[in-house]
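Pulled from TrEMBL, these are the features on record:
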DOMAIN    1-50  domain 'Fibronectin type-III'
DOMAIN    54-145  domain 'Fibronectin type-III'
REGION    134-159  region 'Disordered'
DOMAIN    150-244  domain 'Fibronectin type-III'
DOMAIN    248-310  domain 'Fibronectin type-III'
Amino acid sequence: SWESQMVDNNQLTTISELTPHTIYTIRVQAFTSVGPGPLSAPVLVKTQQGVPSQPSNLITTDVGETSVSLQWSKPSHSGENIVSYELYWNDTYAKEKHHRRIPISESYTLSGLYPNTLYYIWLAARSQRGEGATTPPIPVRTKQYVPGAPPQNVSGVAEGPTSIRVSWEPPPAERSNGRIVYYKLHVVEASRSDSEAAEVKLNGTSFVVDELKRWTEYRIWVLAGTSVGDGPPSYPITVRTHEDVPGDPQDVKVQSINSTAIHVQWKPPVEKERNGIIRGYHIHVQETKEEGKSLLNEPMRFDVLDGAAL
């Protein structure tokens, strides 16, 4: 259909908002107060090729932990042939703008992204005359992933002969890769393998491990998890429970030396009942009747350190 443009008494005008790379037919007509005269002979003109218009319908078709699949429609006015697309994105984690030139297509998978991170993505087409208009940015958040770092500052302190309190801090926020929903605490005697460790699943960042063996070294480590799964374990720490009173000495033997002295000999408590470092012994002596049933006096106590009675 024809479109017209009114021009003052002039011999020059500019017609704008035409479609690039398109042939137009131009005819001019003069008019007076009475009315218009005849049309001039037609003149054909072709507009120049310009930069492409913006692509349309930019959407995500799949979102993963570290990648986003995109799809779009080519520009409605491309001018010259499109030679590439210019893809731009920035992220709310690194606070950086990125750019990648991609081949002619109407889909692309952007990879190498951070998990659980909000990105803004936009696109422009490029022809030989330059880059065209960009699409409006679209927001995309990548999926959560397992934590990329272990809990920090894991520490343990014995609270008694059978318990250890373990404390830690969450992984660094920038490496959590999602919301931390649990921790797993592992405890095993230092002399045993990791595969024998007991596991406790927790929500908090401290826990008292009880029902442990007295005066025993334990190896302890912690890991964090998101809804996707477990992250890496922390470096193990070693903590020893406190000492406790020992079990009874073994194989006690007594031999009379003379009328006023006896020789007493014994072995330490069995190893699993020593419950610490044996620092000495108390020897209790009390006189009894011949039958061995009645006690005749108050007991006497001798302390033995380094093999000598005090």
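Backbone N, Cα and C atoms are what each Cβ position is placed from, and that goes for glycine too.
Bear in mind that the values here come from a model prediction, so they are computed numbers and not experimental data.
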On the 0 to 100 scale, where does the mean pLDDT of the domain 'Fibronectin type-III' (248-310) fall?
81
For the domain 'Fibronectin type-III' (150-244), the DSSP residue counts stand at 6 helix, 47 strand, 42 coil
What are the DSSP helix, strand and coil residue counts for the domain 'Fibronectin type-III' (1-50)?
0 helix, 15 strand, 35 coil
